[in-house]
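Colleague: Here you go, one structure.
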Amino acid sequence: ESGMGKTHLLKAAKNYIESNFFDLKVSYMSGDEFARKAVDILQKTHKEIEQFKNEVCQNDVLIIDDVQFLSYKEKTNEIFFTIFNNFIENDKQLFFSSDKSPELLNGFDNRLITRFNMGLSIAIQKLDNKTATAIIKKEIKNQNIKSEVTSEAINFISNYYSDDVRKIKGSVSRLNFWSQQNPEEKIITIEIISDLFRDIPTSKLGILNVKKIKEVVSEKYGISVNAIDGKARSKSIVTARHIAMFLTKEILNHTLAQIGEEF
């Protein structure tokens, strides 16, 4: 799936190899970039095609992101297959990412699928709330946001964007822009965040009611709806309960009296 962090992971692998193995030559490109280069070189002479293959094979590590973009391109696949074999025969490293597992990839020669399956395949799971929160905090630091962002505000962002790394980074960029425009605000609260992202909740949650809000919040925090409705005072449950109550007020415009009855 898009936004799961595949590109980030491959770039991290590239940076790690280059930082720790100085003698290794690494080539990183997207599947689309490789396909465009192959299509261009196929218009040229046989000698130039072989030269292109040799140039790629001079690398010790080849990393291709979104390899599915090479599907249904017969001539491009032939070039790719030759390069793939060369790396295997010379005991070199190959890293690929795709939007599905090898056996589900269509538009590739069976020989390539077999070779894909020879390697180690790892499915990247959707982010959990803890990981999403860690990414948000790191991105806030990377973007050098001066204002303090409260934990409730961070949880609010995590609740809506924990399924997409790109959206997480985009949301922090939006927050950064707002912070630069409002330097007098030293603390960014959940109230500020909810106003800043007021265009999100309806499309994200669909038909809204208190039950739906409780279900979404409880799922994100890994607790039951009964826990939100109960009297337990553990930190995670209290935070989830407060988030659900706040969303009920902000999204459904319920009064405090109504919220008291519903929680």
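Using N, Cα and C of the backbone, Cβ positions are placed for all residues, glycine too.
The following feature annotations were taken from Swiss-Prot:
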REGION    1-179  region 'Domain III, AAA+ region'
BINDING   GLY3, GLY5, LYS6, THR7  ATP binding site
REGION    180-263  region 'Domain IV, binds dsDNA'
Colleague: Which whole number is the mean pLDDT over the region 'Domain IV, binds dsDNA' (180-263)?
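Modeller: Looking only at the region 'Domain IV, binds dsDNA' (180-263), pLDDT averages out to 81.
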Colleague: I'd like the number of other C-beta atoms within 10 A of the C-beta of LYS6 (ATP binding site), please.
Modeller: 18
Colleague: Helix, strand, coil: count each for the residues of the region 'Domain IV, binds dsDNA' (180-263), based on DSSP.
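Modeller: Tallying H, G and I as helix, E and B as strand, the rest coil: 56 helix, 2 strand, 26 coil.
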